[in-house]
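Student: Look at TrEMBL and you will find 1-460 tagged as domain 'Glycosyl transferase 48'. Per TrEMBL, the feature transmembrane segment maps to 218-239, 260-281, 293-313, 357-376, 382-404, 459-479, 491-509, 521-541, 547-567.
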Amino acid sequence: EIYRIKLPGPPTKIGGGKPENQNHALIFTRGEALQTIDMNQDNYFEEAFKMRNVLEEFEHSCHWQRKPTILGLREHIFTGSVSSLAWFMSNQETSFVTISQRFLASPLRVRFHYGHPDIFDRIFHITRGGISKASKTINLSEDIFAGFNSTLRGGYITHHDYIQVGKGRDVGMNQISSFEAKVANGNGEQTLSRDVYRLGCRFDFFRMLSFYFTTVGFYFNSMVTVLTVYLFLYGRLYLVMSGMEKEILEKSIINQNKSLEAALIPQSLFQVGLLLVLPMLMEISLEKGFRTALADFIIMQLQLASVFFTFQLGTKAHYFGRTILHGGSKYRATGRGFVVFHAKFADNYRLYSRSHFVKGFELGILLVVYEVYGVSYRRSSLYLFITCSIWFLVGSWLFAPFVFNPSGFDWQKTVDDWADWKRWMGFRGGIGIQPEKSWESWWEREHEHLKYTNIRGRVLEIILALRFFVYQYGIVYHLDIAHHSRSWRVYGLSWGVIAAAFLLSKIVSVGRQLLGIELELVFRMLKAFLFLACLGITILLSKTYGLTISDLLAAVLAFLPTGWGILL
């Protein structure tokens with residue numbers, strides 16, 4: 001024994017499984033070139049005959065071209081025919097591994113390694129830290145760090161399309177979303193890494209911009225797009241609730257700004273995301289002809305591709321933002337299964353509750369409040385463009401998992417899903433109870449990142465949660481029962497209503513525990529008494545103080561966000 005190194009934990013838990021295996025296996029390989037193949041990849045016999053030509057790239061490079069350290073190859077996605085979602089992902093991936101990769105390699109010179117069938121210069125990488133970075137959490141997207149490492153150490157990365165390798169992509173909605181969540185988490189960790197900082201410092205200005213917009217900038221822009229929708233709607237909410245909008249419109253010299261409308265309407269068309277479709281259309285046009293590309297694009301729209309990609313925008317924004325705020329991302333096993341099956345409602349709820357459903361409901365309530373109390377843009381076509389695109393976003397986030405769920409609207413499966421969801425909601429959690437079995441365990445795991453975050457992350461979470469209290473403060477002064485009063489007493493009484501609601505729910509829960517099954521009749525009588533008391537108070541308020549049905553509906557819009565804000 002020459003010397004001993006103490007490892008920071010068990011050998012199997014130091015780093016990620018795949019990168020550790022790659023770097024460990026590297027010492028047992030032979031030759032000067034090394035090809036990396038993922039487990040979900042295939043190969044074709046006729047492509048193997050081209051390998052000699054590919055390896056020549058490492059030997060006889062032009063006098064003006066450097067010898068490559070990583071040589072990128074294209075992929076052929078063979079899972080496109082499994083489902084419409086698989087076809088969308090196949091088209092998206094095909095455009096990324098062909099035209100996008102070629103453009104990243106030349107002229108932008110910012111192509112890295114993406115876990116594709118790239119060929120490495122083995123001698124170069126075995127002396128420079130291996131072909132992966134294996135630290136847990138920070139190197140969640142372990143492949144791209146090999147590209148960062150190669151570029152930082154003076155390597156040259158290129159891409160060629162004359163050889164391809166087969167690849168299977170995710171085919172189900174939940175698999176795809178888990179994969180997108182993993183990539184978004186990994187991108188958030190890249191943003192916090194030293195490698196990205198060092199590349200940003202050492203690139204020239206133009207290459208730095210290319211690097212930004214093709215790596216972390218893409219996800220940052222996705223997050224900013226969603227945040228812009230929030231800022232716009234909350235700004236509108238403030239204008240409407242404070243009465244400033246009405247004041248501006250009444251005293252405004254220009255009531256209808258036609259030039260503003262003319263400028264914003266075409267911008268709204270581009271905002272749909274048509275520019276992001278351009279690379280895909282160009283690549284299909286190059287390979288199969290423009291007519292086929294146009295036909296494919298139209299069929300994709302008819303199969304609700306826009307709904308799917310809008311939904312994935314929410315996935316990217318949520319997981320990237322959460323990683324930036326709190327860190328601590330983890331690997332998500334997607335399975336890469338070939339079978340498309342019906343996902344239960346409880347599974348969809350667990351996966352999309354915080355990332356899509358809550359945000360969709362929030363934006364929906366904002367739009368309803370804006371519709372009820374707002375007065376601007378009513379007679380102009382701009383109103384349609386402003387609200388319809390956001391309603392489309394809300395609809396996509398709330399209903400996409402069910403639209404793309406096989407047998408999603410089958411009545412028997414819906415009944416079974418409802419029973420399963422009720423069982424999951426009612427099962428108490430505890431030590432050793434899996435999140436798939438109990439709502440309580442799922443809630444604990446969903447907020448697990450808050451236990452390990454720092455003070456900055458917790459303070460920012462609290463500040464972000466304060467936005468849910470704005471609704472109540474604005475809406476209660478617009479109720480008929482308030483009689484246009486601007487007194488603080490109105491706002492104080494609204495908190496009295498919330499306290500009464502909490503008290504009622506506590507009485508019911510304590511009554512259920514104390515009376516139980518033995519005195520079920522007494523418990524039901526207690527609930528009936530509480531219901532009649534609430535009904536009597538409502539009738540009394542309507543007769544005495546002018547409470548209306550619209551006030552009750554508005555109170556729901558006001559108090560629902562407040563309750564969620566208290567929970568957060």
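Glycine too: its Cβ is placed from the backbone N, Cα and C atoms.
What's the neighbourhood like for these features in this structure?
Tutor: Note on the transmembrane segment (218-239): residues 184, 187-188, 191, 245, 248, 313-314, 316-317, 320-321, 324, 359, 363, 366-367, 369-370, 374, 390, 393, 467, 470-471, 474 of its chain, located 6 or more positions outside it, place their CB under 8 angstroms from a CB of the stretch.
Cβ atoms under 8 Å from those of the transmembrane segment (459-479) belong to residues 234, 237-238, 240-242, 325, 362, 365, 369, 373, 450, 453, 485-486, 490-491, 494, 551, 554-555, 557-559, 561-562, 564-565, 568 of the same chain, restricted to positions at least 6 beyond its ends.
Same-chain neighbours of the transmembrane segment (491-509): 472-473, 476-477, 526-527, 530, 534, 555, 558-559, 562-563, counting only residues six or more beyond its ends whose CB sits under 8 Å from a CB of the stretch.
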Student: Please report, as numbers and ranges, the same-chain residues at least 6 past the borders of the transmembrane segment (521-541) whose CB is under 8 Å from any CB of it.
Tutor: 481, 504, 507-508, 511-512, 515, 547, 552
